[in-house]
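**Student:** Pasting a structure here, questions to come.
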Amino acid sequence: MSVPRWVLRWACLLCLWPVALGSSTHLPASRKRNKDVFLGENTRTTHGGRIDFKMKKSDSTKSLLIKSEQLLRIEDHDFAMRPGFGGSAIPVGIDVQVESIDSISEVNMDFTMTLYLRHYWQDDRLAFPSSSNKSRTFDARLVKKIWVPDVFFVHSKRSFIHDTTMENIMLRVYPDGNILYSVRVTVTALCSMDFSSFPLDTQNCSLELESYAYNENDLMLYWKNGNDSLRTDEIVLSQFFIEDFQPSYGLAFYSSTGWYNRLYINFILRRHIFFFMLQTYFPTMLMVMLSWVSFWIDRRAVPARVSLGITTVLTMSTIITGVSASMPQVSYVKAVDIYLWASFLFVFLSVIEYAAVNYFTTVEEMRKLKRGTPTTYNTNQAMAFDGCFHDEIDLTPFPELPTTPTTDREVPARNSSSGAEPPPTEGTRLWRRKSVRHNLKFIMSNSYMIDSYSRIIFPVTYLLFNIIYWCMYS
């Protein structure tokens, strides 16, 4: 009985030996793989493939067991109330960096600006213990759970916070409770512009910041670093040159809620004149000078002078309409309006000048016909003057009027008297001043002199107008 038991025991050991051997060979490899995976997540290898445990850096998000809300004790406080409620006003510093001025509209009287708006304040409720004294940075998700200043833009028409690819909001909390809150915002605000000197004008615009709910007893806005709180990038505009950026401070009063702190971002815009010189002033000058060409055209060339005058008048009307369409409908006169309408007056007077010349020429021709002096023209001359073709032109004088007995009589002198004055002695010359009526009759009888005078009077007057205009508005 003892021999079979011994045999069975050895038989069982022989059967179990391969199983135990296989499990022992697979176990170390499995443990090694698990160890490699674990070390691969927390360390990095050197050039030789070995693991450098000295350069191993722990991930704070994995080792930190406390959430941000628990670290900052957000659930323990009521953040609907401002810090230090019931005490003195909380100071909130403002720092602005202007990224760009996107557009300036004269028609809508507004401007669009993109800027970085940064707020600085202290909230002891968010203080947390830290051995390294390092700040913690959060995004917009934590901003909605704490108190932040309710700063808004006064006189703004539209504004939005950029959200590509995420909302451009940063919240940085320091261990002592100091907070930096930064947003990237684009705002379109009103700018009250004065176009009295347009386009030689300079505009003063400002962007105003103010707390919406907290007056000066609860919140005090101030520039964080004084004049250095406003920084700008290199801004280039198409129609304006930015002369100055300057921050300022003031107070605003509302009858129902009281006094509020208000911060101003002031900037001065000076308009570039070269664009308007090319588009408005130079074409206007050329049209006025073109209207003077008619003074050198024969006064009997009616089609040429009339068409030239009408063309310049219509062109000036088009220029005035185009400038007015691109400007706001203001109730006062602008500098460009003065120049355009004065130039239009010069063009209009050149047309009126020819109307007067043509009339006086016709009256002079009629007088010559009455006097019996015939005036004949050939066919080519007549066609050049009135634009019509004539087969034959023969202008005969009017028949002489019959003379009456009174025409042959000698009319006695009105000042004749018994004591007639003696004739002037030989060697003396009498000067008699001619009346205005006599000079007018002389010009009417010599209508060509009107064109001669206009060639000098019109250019000199227009030159004098330009000198006064540019000295006044430049």
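In case you wondered, yes, glycine gets a Cβ from its N, Cα and C as well.
OK, TrEMBL features for this one:
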DOMAIN    74-272  domain 'Neurotransmitter-gated ion-channel ligand-binding'
DOMAIN    280-365  domain 'Neurotransmitter-gated ion-channel transmembrane'
REGION    400-428  region 'Disordered'
SIGNAL    1-22  signal peptide
TRANSMEM  273-294  transmembrane segment
TRANSMEM  306-326  transmembrane segment
TRANSMEM  338-361  transmembrane segment
TRANSMEM  453-472  transmembrane segment
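Walk me through the surroundings of each of these features.
**Tutor:** If you average pLDDT over the domain 'Neurotransmitter-gated ion-channel ligand-binding' (74-272) in this model, you get 92.
Note: the domain 'Neurotransmitter-gated ion-channel transmembrane' (280-365) comprises 72 helix, 0 strand, 14 coil (DSSP; helix = H, G, I, strand = E, B).
With a threshold of 8 Å between CB atoms, the same-chain residues lying at least 6 positions outside the transmembrane segment (273-294) that come near it are 199-200, 239, 304-305, 308-309, 312, 315-316, 319, 323, 336, 339-340, 343, 346-347, 350-351, 354, 454-455, 458-459, 462.
Tertiary proximity for the transmembrane segment (306-326) is limited to same-chain residues at least six positions away from its ends with a CB under 8 Å from its CB atoms, namely 106-107, 280, 283-284, 287-288, 290-291, 293-294, 297, 336, 340-341, 343-344, 347-348, 350-351, 354.
With a cut-off of 8 Å between Cβ atoms, the residues of this chain six or more beyond the transmembrane segment (338-361) that come close are 280-281, 284-285, 287-288, 291-292, 294-295, 299-300, 302, 305-306, 309-310, 312-313, 316-317, 319-320, 323, 443-444, 447-448, 450-451, 454, 458, 461-462, 465, 469.
Here the transmembrane segment (453-472) has long-range neighbours at 288, 292, 295-296, 335, 338-339, 342-343, 346, 349-350, 353, meaning same-chain residues at least 6 beyond its ends whose C-beta is under 8 angstroms from one of its own.
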